[in-house]
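Copied over from TrEMBL, here are the features:
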DOMAIN    203-255  domain 'HAMP'
DOMAIN    260-326  domain 'PAS'
DOMAIN    324-378  domain 'PAC'
DOMAIN    382-599  domain 'Histidine kinase'
TRANSMEM  12-34  transmembrane segment
TRANSMEM  182-205  transmembrane segment
Amino acid sequence: MKKVGFFRSIHLKFVLIYVLLILVAMQIIGVYFVDGLEDKLKTNFENSLRQQVNILSFSIEEEMVKERDKNSTTVEEDINEILKDKKAGDIQEIRVIDSGGKIIGTSKSDDDGIVGKRTTDKIIKISLQGTEQKDVKVVPKTGKRIWILSSPIKSKGETIGAIYLEADIETVFEQIKEINKIFATGTAIALGITAILGILLAQTITRPMSDMRRQALAMAKGNFSRKVKVYGYDEIGQLAITFNNLTKKLQDAQSSTEGERRKLSSVLSYMTDGVIATDRKGRIILINEQAAMMLNVSRETVISQEIVPLLGLEDQYSFEDLLEETESVILDNSTSAKDLILRANFSVIQRETGFVNGLITVLHDITEQEKIEEERREFVANVSHELRTPLTTMRSYLEALSEGAWRDENIAPNFLKVTQKETERMIRLVNDLLQLSKLDSKDYKITKSWVDFTEFFHHIIDRFEMSKDQNVFFVRELPKKSIFVEIDEDKITQIIDNIISNALKYSPEGGKIRFRVRELDHEIEVSIKDQGMGIPKENVVKVFERFYRVDRARSRKLGGTGLGLAIAKEMVTAHNGKIWAESEEGKGTAIFFSLPYDPEQEDEWS
Ligand code: ADP
């Protein structure tokens, strides 16, 4: 937030209010006070002069009505005599005018020239009518104000003349000016003190307020560590206490929200399932890393996109359909590089009123599950197929026998031989299946013992060499020395048996079977190579799959079950070894397998 400027601050406003209040008060007091004082001073001034004029008027009247003879002094002389002493104080000049408007005396000694002259003064003329006249006029030369009074002199109810008086009223105005000056100074001092007091007083209000403002700004930035200082227990103090309480509560609320948020986000990020949340219009508002990975999108770009096209369901569902979907939906997101099958479950976020707030979609990777399910289905189909073929053969032969073929000495033994062969194959098949199921079971264990592999391998080859009925040559490329390995003899015997019987089955007349054992760094590599028909390149890897056969009919004819190499693979894996095949069509096949081997261990044996 912007910093509050001094001219906008509440501080200045407080001071201004104080100063204005004092100013208004002083002005109102000043106007009434000065006005009253001015009136009073003026009235006093006028009254004192009027009093003097009255006294003067009395003596002048006497002089004017006095009987005079030739020897006595003239009126002018007597009046001058009276006026002589009257030029005192504020009085500047006193003139006496007779009823004809002629000036018959003046108090000014150097103004004698005007005596005997007729006055033209309007005020005097009016006052000669019998009413007192007063005025204030400014002397043009000095700019000073003088007060003029023209009072009629009356004798027996008749105006016999007038007294004209000029007095210096400037002193009164000066006094008022002086008082005004004192008042203005007083006002200025009062304003100054008020301003200082205002600043100090305003501070007591504004300081806690600006503290709270600062605190609120800090809170907005997430800083809850500060506290507002409590200066007193008035309303502002209580506000500060409440503010501090509020801060504490807000901090608690925020930390618990933050905690919940962190918990939620760690739950979401450590979940193996993908989670997507949308708003009520189906736009994505939250997606965890897992979901983004499953849908192969980036979390940032996908926010506020529509969920339906993101899941690739726009052809089958609208967002409203998803809100009502109670069953899970299977999404096949497989690419050429990777299989990916997802199960999507939807749950609606709803308020108590039923208002839909959004949708939560949970994506579960069921690729593995689907694969296992598929394999299981395939396996059951394969087993049923494998069993049905010999059973059908047997049934037809047995039917033929029961329908009378048993009497035919030429056919019957043949038929029986076939059923016997098929039965044996079925037994082999069932045995193989049992073995596989044992290998699949979790608690399957192998019992290892230290065996001299060279000798052990020779024995097996010897056994085949003695029992073989084909014209096939065995070539042994085995080390001269003993190689001690820790193996389960029975299981490895079975592996080698399977491989050798395959090699014999597919070897041509006069073909060679080469047996080799190579000693490598940490393993021994066993290979059995024939010169048979070979396996097409694209099928070389598949021969280790259950029931896989390059040529089904031929394998079946040779008594194969399609499980031999699959069993071999399981067993080699149980020994922590590897099995693989190399083959060239028409030239031969080599089956390799490796077993862990530690040359140092072997030294201990020798
Ligand atoms: P089967 O009982 O059919 O021999 P296996 O699991 O032992 O089952 O072998 C799987 C398939 O691999 C065989 O059906 C065959 O097509 C092929 N195969 C195995 N060994 C050889 C080999 N030495 N030469 C050619 N093909 C082979």
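Just so it is clear, glycine is given a Cβ too, placed from its N, Cα and C backbone atoms.
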Next on the checklist: For the domain 'PAS' (260-326), report the average pLDDT of the model, please.
Outcome noted: 91
Next on the checklist: As a quick check of your reading of DSSP, tell me how many residues in the domain 'PAS' (260-326) are helical, how many are strand and how many are coil.
Outcome noted: 32 helix, 11 strand, 24 coil
Checklist entry - Apart from its near flanks, which chain residues at least 6 from the ends of the transmembrane segment (182-205) lie with a Cβ under 8 angstroms of it? => result 10-11, 14-15, 17-19, 21-23, 26, 30, 33-34, 231-232, 236
Checklist entry - Using DSSP, what's the helix, strand and coil tally for the domain 'HAMP' (203-255)? => result 39 helix, 0 strand, 14 coil
